[in-house]
Amino acid sequence: MGQKSQVAGSGLPSSLATPPPPFPGSGRRFAPTVGKGTPQSGGDITGHLTFPLVSVAFLVSFGSSMLYGYNLAVVNSPAVHIKAFYNATWSHRYGHGLTSGSLTLLYSLTVSIFALGGLVGSLLVGVLTERYGRNVVLSRSTVLVLLASSFMGFSRELGSPEMVIVGRSIMGLHSGICLSVVPLYLGEIAPKNLRGFLGLVPSIFICLGVFFAQVLSLPELLGNDRFWPLFLSVGVVPASLQLLLLHCFPESPRYLLIEKNDIFGATAALHRFLGTPNVQDVIEEMKEEQQSLSSMEMVSVWQLLWDRSVHWQTLSVVVVNAGMQLSGIDAIWFYTNTIFENAGIPASQIPYTILGTGATEVIAGLIGSALPWMCYVSVTCVVGIIAGFCMGPAGIPFLMTAELFVQSHRPAAYIVGGSLNWLCNFTIGFIFPFLQMSAGAFCNLIFCGICFLVALYVYLIVPETKNKTFMEISHIFATRRSFLSNPSRLIGMMKFSGYGALESMEGSGSGSSLP
């Protein structure tokens, strides 16, 4: 059922549909500097990094995004101690221990329940942000971290494995909310030319969260039988800092004006974030968006899935989001100890080997996070996606979702992509131990094959989006549909702006992109 004006009615707030800023065709790169914002005339709103922008970006990335990375890796090192706790508790309750298969199943549930919580959280984002705002949701969601940390921290004292599982699910609920709200909030408070730059900050902190978990997992720190409940609860520290400080920063000006019609609050927020009294151009731009949304009918998830006009776009979102999780990267974070143990590395050396791989992951994560921005500015978005899946998937699917859909379809596409992302995360976390028992190290060849197939799909199907409007991108996909209804047309492989796409070779050989 279509809904008018309020994008939140279809699951996400209207301003989540705001596309990334187009960059000039001249290829000029932006060099961010700290200074006062400088809105330009003509509606081309640009600005510089200001202290409030930098501070809030680091605060929400440290207090929210980093916890996602931390909780991906935190259950890896204490696996032996958690399993021993489960077995001892079961034996105390029922007079006998768990079988090997039952223990593996229970621990797999502990690992993967985080993703199910994330799925629920991602589905709640639209309702929460439309009702309470971005800043308030990020602030209040830290209560979930405090609650989850309490469950896990006191689980051993109370002899309750269920508290660990419930705590993990609540922590996943928090991550599911914040993974969407953090980039939404930063994208709305930043000038157009800085949205991509600030969008890198959460991705970098996710990588750092994984690395911090690996550092703290050393036996000399928290990776031992005595401190593993504390190890699971460390997230309370960054969450508490965010809870204490985030109220010092204003709400998203775009949310205040477009969704709450609070022009005075939006003006004050813009003054604070941009560091300049001249914000009239920004206000006018947001008013124009508000007027355009008032007459726009939004598409529901069900309508998106059955809309033949966007089948290729929807399929592309499904393939890339599923491929990111099915690449096996989360399996490595969840089960690093088991992987190295099966590889023959002595148990005493595994924690330090993990530190080496963790440092490598941070470097690769920094490259993977920067690649979408570098490609968006200077090369192409398609190249970024292909390179990401060749090296290990980067954080590009959310950017691609914004690029491939017009505003009326974008919110539903975010829900489809996000839900699939978390479902595949759960699947990998749950089945990997059994996959490893049956196939050994050869199970990684499955992940390698998935990465290759996704990269090939992107090269052949996804058109280049750089310097193209949303209507132009839709037209490229429309020609694919016309080919399906008329397969007698001559098809050939051509280079589209230098990179992958299939194009028609009718007439002069310069046609629209085809499947």
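Please read every residue number as a count from 1 along the shown chain.
Backbone N, Cα and C atoms are what each Cβ position is placed from, and that goes for glycine too.
Curation plays no part in TrEMBL annotations; they are all automatic predictions.
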_Of the ranges 105-125, 252-272, which one does TrEMBL flag as transmembrane segment?_
105-125
*Hey, which bits of the same chain come close to the transmembrane segment (197-216), Cβ under 8 Å, at least six residues off its ends?*
30, 32, 49, 53, 57-58, 60-62, 64-74, 76-77, 182-183, 186-187, 190, 222-223, 231, 234, 333, 336, 354-355, 358-359, 361-362, 365-366, 368-370, 373, 395
_Closest-packing stretch to the transmembrane segment (412-435), where packing means Cβ pairs under 8 Å, from 49-70, 105-125, 166-185, 442-462_ = 105-125
*Which one, 105-125, 228-249, 442-462, has the most C-beta pairs under 8 Å toward the transmembrane segment (49-70)?*
228-249
*asked:* Which range wins on Cβ pairs under 8 Å with the transmembrane segment (166-185): 105-125, 137-154, 228-249?
replied: 105-125
*Any residues 6+ beyond the ends of the transmembrane segment (228-249) with a Cβ under 8 Å from its own?*
52, 55-56, 59-60, 62-64, 66-67, 70-71, 74-75, 77-78, 81-82, 135, 138-139, 142-143, 145-146, 148-150, 152-157, 164, 167, 171, 216-217, 222, 272
